[in-house]
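As structure tokens, the structure follows; a few thoughts come after it.
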């Protein structure tokens, strides 16, 4: 029987870690769909594992409880949303107002086009646990910095409370819009958010 060389052992270890990471990602992707569709409180570990095509033992390979998976789902969805809206702002050119409009339009369009993500980001995540609440605060602080960096004048330095107010206003507009079944066109909703942000920043 041949004894594996150190290089072979490293390769096998690396391959095992890659498979573990892949399974973790499968669980996150499946959970985003399950939580967004059925609601976090109505979704168990078995439902997520079934959707991922994995047995339940693989859940506990990466997560100790469902809240950890919910946080991973939320952070992934929030990160992807930030990347998308930041790219939209950058593509809009140098004008501050147009960049802000493009960023907010991308945000609202994404919510409408991906309602399961919208449900996860804005509805299902609320009131679960202190750890989940901390994840929400971190993500919203990051997004509020992104938005105010785009819409604020160069001479402005919006403080934390003002950034939170702008982000809170955008979220409430989004929740109202979702509650109407996305009745208004996305560009009209985005324009409302642009006006709100501009008013809070003093134009």
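In case you wondered, yes, glycine gets a Cβ from its N, Cα and C as well.
What you see is a predicted model, and the numbers here were worked out from it, not measured in a lab.
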Checking feature assignment: DNA-binding region per TrEMBL, candidates 44-63, 64-83, 84-103. Which range matches?
44-63
Mean pLDDT, the DNA-binding region (44-63)?
95
Please spell out the DSSP helix, strand and coil residue counts for the DNA-binding region (44-63).
15 helix, 0 strand, 5 coil
